[in-house]
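Asker: TrEMBL lists these features:
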type	residues	note
BINDING	Gln107, Lys123, Thr222, Leu223, Trp224, Leu225, Glu294, Asp309	ATP binding site
BINDING	Asp142, Asp309	Mn(2+) binding site
DOMAIN	188-397	domain 'FAM20 C-terminal'
ACT_SITE	Asp289	active site
Amino acid sequence: MKLKQRVVLLAILLVIFIFTKVFLIDNLETSAANREDQRAFQRMLAGLRVALDPRLEHTLQSPWEIAAQWVVPREVYPEDTPELGAVMHAMSTKRIVKADVGYKGTQLKALLILEGGQKVVFKPKRYARDYIVEGEPYAGYDRHNAEVAAFHLDRILGFRRAPLVVGRFVNLRTEIKPVATEQLLGTFMTVGNNTCFYGKCYYCRETEPACADGDVMEGSVTLWLPDVWPLQKHRHPWGRTYREGKLARWEYDESYCDAVKKTSPYDSGPRLLDIIDTAIFDYLIGNADRHHYESFQDDEGASMLILLDNAKSFGNPALDERSILAPLYQCCIIRVSTWNRLNYLKNGVLKSALKTAMSHDPISPVLSDPHLDALEQRLLSILATVKQCTDQFGPDVVLVEDRMTLSHL
């Protein structure tokens with residue numbers, strides 16, 4: 001063989017070797033990531049049952065201090081949370097030392113200060129579990145049980161971006177009224193034999209109070225995020241106009257996602273993928289009301305999209321509002337880790353996991369069976385949507401590796 005032919009052959013072999021090595025390394029890295037996703041899923045399943053127990057491992061710290069230390073830019077609580085049950089027990093039982101009207105918003109809520117100085121948001125029960133909210137997907141009052149269910153779904157999906165929520169029964173006469181501010185106390189009334197209040201908010205009306213069963217009211221309490229992590233509010237790029245006959249641009253412009261990708265903070269960093277994760281989360285719970293969202297302040301798009309205010313969910317199990325998925329089917333990208341997790345939850349695993357996760361909550365059963373069945377059907381719709389994207393653009397374009405390092409200092 002001539003020297004020139006040998007050189008060409010060696011060059012070809014070298015190219016083949018390099019490509020083979022790169023391919024193998026790439027596959028090994030992908031396989032390792034997938035294996036870690038599988039292990040993380042198994043860890044999640046093993047830790048689903050959260051018994052509300054007052055015992056703390058760190059006895060020198062209060063439950064509030066422990067929960068505050070969990071918060072980092074990319075998650076509200078860590079994967080390994082042996083003291084989650086103790087924190088949630090404190091949320092559901094600690095003495096209420098002050099009660100006030102809720103922070104600004106459209107829906108009725110109360111701001112409570114628990115023993116030890118911890119703020120929580122109390123949302124009262126307005127509907128029975130089997131009540132179906134008719135009309136637009138964002139219609140009706142807030143659903144307190146939806147906040148509880150959404151928190152546990154956040155755990156199951158592995159996002160860990162929702163503040164802690166637990167159900168609680170409060171006696172309005174003995175626990176709230178003695179420590180209520182004049183502003184809140186002025187909204188109390190008696191309807192029949194039931195103690196009621198209507199609070200202060202955009203849609204709060206004296207004619208539409210929330211009423212206890214006698215004096216005892218069922219509700220949810222959401223843990224206030226630490227003050228050292230101030231929030232910044234953003235308009236959701238796929239928000240609705242809430243005006244009849246007026247469509248938002250994303251509702252008629254098929255290339256809308258291309259425009260979003262050119263604007264900050266969606267042109268770089270994790271925020272666009274967070275939006276898509278949130279669309280999946282919201283579609284599962286039936287939440288079409290995320291017109292704004294919060295992140296931590298001055299984050300330049302690096303911190304997570306925090307899954308706050310999930311109470312406009314689980315209103316109608318028969319309504320699948322596909323438009324909630326617009327960020328997914330218009331952008332046709334999804335995190336590999338999210339895609340893996342959704343696949344692990346197929347074949348009834350999601351329903352079973354959520355029932356298990358909610359089983360120890362004080363207001364259990366949290367959801368009716370039709371809502372749990374609806375979750376299963378919506379999961380299949382999400383998987384089908386991603387498949388349509390991969391069929392059109394290929395998995396290398398659609399499935400994005402974006403694993404953020406989460407450090408707890």
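Glycine is no exception: its Cβ is also placed from the backbone N, Cα and C atoms.
Note that the coordinates shown come from a computational prediction; the quantities given were computed from them, not determined experimentally.
For each feature listed, report its degree of burial, its nearest neighbours and the pertinent distances within the displayed model.
Answerer: Long-range Cβ neighbours of Asp309 (ATP binding site) (same chain, at least 6 residues apart, Cβ-Cβ under 8 Å): Gly105.
Around Asp142 (Mn(2+) binding site), the same-chain residues six or more apart in sequence whose CB sits under 8 Å from its CB are Gln107, Leu108, Lys109, Lys123, Arg126, Ala311, Lys312, listed in sequence order.
Within 10 Å of the Cβ of Asp289 (active site) there are 24 other Cβ atoms, across all protein chains.
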Asker: Given that the record lists Gln107, Lys123, Thr222, Leu223, Trp224, Leu225, Glu294, Asp309 as binding ATP, what is the largest C-alpha to C-alpha distance among them, in Å?
Answerer: 20
Asker: Can you grab the distance from Leu225 (ATP binding site) over to Asp289 (active site)? Cα atoms, rounded to a whole Å.
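Answerer: Distance between the two Cα atoms comes out at 21 Å.
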Asker: May I ask which residues of the same chain, at least 6 positions away in sequence, place their Cβ under 8 angstroms from the Cβ of Glu294 (ATP binding site)?
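Answerer: Glu294 (ATP binding site) has long-range Cβ partners Leu231, Gln232, Lys233, His234, Leu305, Ile306, Leu308.
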Asker: Could you tell me which of these binding-site residues, Leu223, Leu225, has the greatest number of Cβ atoms within 10 Å of its own Cβ?
Answerer: Leu223
